[in-house]
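> Sharing a structure, written as structure tokens. Questions coming.
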Amino acid sequence: MIDKRDFKAFKLVSKYAPSGDQPQAIETLVDNIEGGEKAQILLGATGTGKTYTMSQVISKVNKPTLVVAHNKTLAGQLYGEFKEFFPENAVEYFVSYYDYYQPEAYVPSSDTYIEKDSSVNDEIDKLRHSATSSLLERNDVIVVASVSCIYGLGSPKEYADSAVSLRPGQEISRDQLLNALVDIQFERNDIDFQRGRFRVRGDVVEVFPASRDEHAFRIEFFGDEIDRIREIESLTGKVLGDADHLVLFPATHFVTNDEHMEQSISKIQAELADQLKLFEAEGKLLEAQRLRQRTEYDIEMLREMGYTNGVENYSRHMDGRSAGEPPYTLLDFFPDDFLIMIDESHMTMGQIKGMYNGDKARKQMLVDYGFRLPSALDNRPLRREEFESHVHQIVYVSATPGDYEMEQTDTIVEQIIRPTGLLDPEVEVRPSMGQMDDLLGEINLRVERGERTFITTLTKKMAEDLTDYLKEMGVKVKYMHSDIKTLERTEIIRDLRLGVFDVLIGINLLREGIDVPEVSLVAILDADKEGFLRNERGLIQTIGRAARNADGHVIMYADRMTDSMQRAIDETARRRAIQMAYNEEHGIIPQTIKKDIRDLISISRAVEAKATEAETNYESMTRSERQEAIKQLQKNMQEAAELLDFELAAQLRDLILELKAMD
């Protein structure tokens, strides 16, 4: 078992002090957690600094914390913010490592088998390994995750028990170490030294842990004893220092020892025999032949290599679980007394609920037609009630908590006051008759003042028609639809802020996570059409997009007042009254947020430009110039990785290797 380091407290680093009603929110949340409250809601209005409040709570309760977001983009933003707040602690990132993923499936109507096809992002895989190893080695850990955290991951006990612990002076032969590394799925490659690999040079073994991307370790032997362990730069071999202890975790999360492997294979064979009998009794000879061929091949691979493609489908046997028992997930790597924070909980909890059913429907088809054993159904995401069983203490964070969260707890901590003094916007309702001309007049007013406008519609056709109409009227406008990729979306938001265009039209893209202080008008068309996009929560989230500007204003175009509209307007007015009273009492004049227009796109392009320049000129460089270029590229590679632009980081890494090969 791995001995954790001495307890280290979380240390929050920030130039800001809590303000507005952050202090009371922080104090109440902390008191409730320390008092044993299982669940509570942080109801924080848009722009009130919920992430900062979360960070303050984590630093005061000093518990390992899992922060769950509903998509990779939001998880990436939170990861960056927590890294800034906690530079001395372990802040980790755990999302799906697939850049592309086509799950294994079978379509009976056309007799089409779709083989699993995927592209794994090496950088995210490294970050996942970093998260699990940190959780087993230390206490001061924050993991920011997507709903990937409820998917099967392999047994934390097997993962920890398989780890190889090394110290100077330890009696172990070089060959014993090599065998131990192979057992935990490290691959020997004396030429191409990458994560999850090792190389051997005489009495020196160099190992590249799966959780690192720059630093490797050099283990020097004297006979059958470790003489010294040194940390080195993986690219240059430069020695960074000596280590008095090294723990090497497996290169894959699905790992088991030889004894357990044989037991697992016996169980797989027994299940195969039972399923073959069932198919033959039902006259499904094709399915029986298919299942026998596939499973026996996988068994042979497991025996010889300890691994096979799709090994996760046998995880129930390898983990020693019973049928129907939940899989091990990231949650099992945390200690019992850990804290969960669910960001944008009204979205995230819905995702957690929905993952299981979709996964089961697809896998059941594979089982019925002989592509997989029934135990493959137990390689699955957790059900919501199974997720709940892992909860020791939880904080739901949202401006608009969902029904589920409200059912879980009566403890609601409000954070309504913005540190900037900004108020929730005024909301007015206007008739839909003549709305185009009315809206055009409002847009022109904002353009004259150098401000921006958001317009949200209900249908794609209406968004397209409105875009065409406004263009004809001379308005600089863009329509952001669901086919636009994340990076393009970031670029569109940046262009809106820069004034490349003045109006952005969308359907469901104008709610969570879009921060544009220049927007002073939000127009909601068809506000009286009740439904997912026009319910109370959807309307409050959309109204919140105008809450970062001192002149924020919202116009709902509708022919009648629905209950959802009334509740959204009343809640906004309630918050606005609280904020105005606070400002008056403290002599605060609301100021529009001044936020630098600096984002992933612009920085990535600057880095990419430097990379392209270096690539164009490096052949004519002197050796010393090349060394300087390498240093700059390594810095750029780090910047790209920190921005989660892993594709660019990989390109820069390859360019660095080319430059080094020239010397």
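Glycine is no exception: its Cβ is also placed from the backbone N, Cα and C atoms.
I grabbed these lines from Swiss-Prot:
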type    : residues                               : note
BINDING : G44, A45, T46, G47, T48, G49, K50, T51 : ATP binding site
DOMAIN  : 31-271                                 : domain 'Helicase ATP-binding'
DOMAIN  : 435-601                                : domain 'Helicase C-terminal'
DOMAIN  : 627-662                                : domain 'UVR'
MOTIF   : 97-120                                 : motif 'Beta-hairpin'
> Setting G44, A45, T46, G47, T48, G49, K50, T51 aside, what same-chain residues sit with their Cβ within 8 Å of the center of the Cβ atoms that define the ATP site, listed in sequence order?
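Going along the sequence, the neighbours appear as T53, A399, Q415, R418.
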> What mean pLDDT score does the domain 'Helicase ATP-binding' (31-271) have in the model?
91
> State the count of C-beta atoms found within 10 angstroms of the C-beta of K50 (ATP binding site), not counting that atom itself.
22
> With DSSP, how much of the motif 'Beta-hairpin' (97-120) is helix, how much strand and how much coil, in residues?
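Its residues fall into 3 helix, 15 strand, 6 coil.
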> Which ones in the same chain are close to T46 (ATP binding site), with CB under 8 Å and 6+ residues apart in sequence?
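Result: A399, Q541, G544, R545, A547, R548.
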> Given a 10 Å Cβ-Cβ cut-off, pick out the one of the binding-site residues T48, T51 that has the most other Cβ atoms nearby.
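Output for this query is T48.
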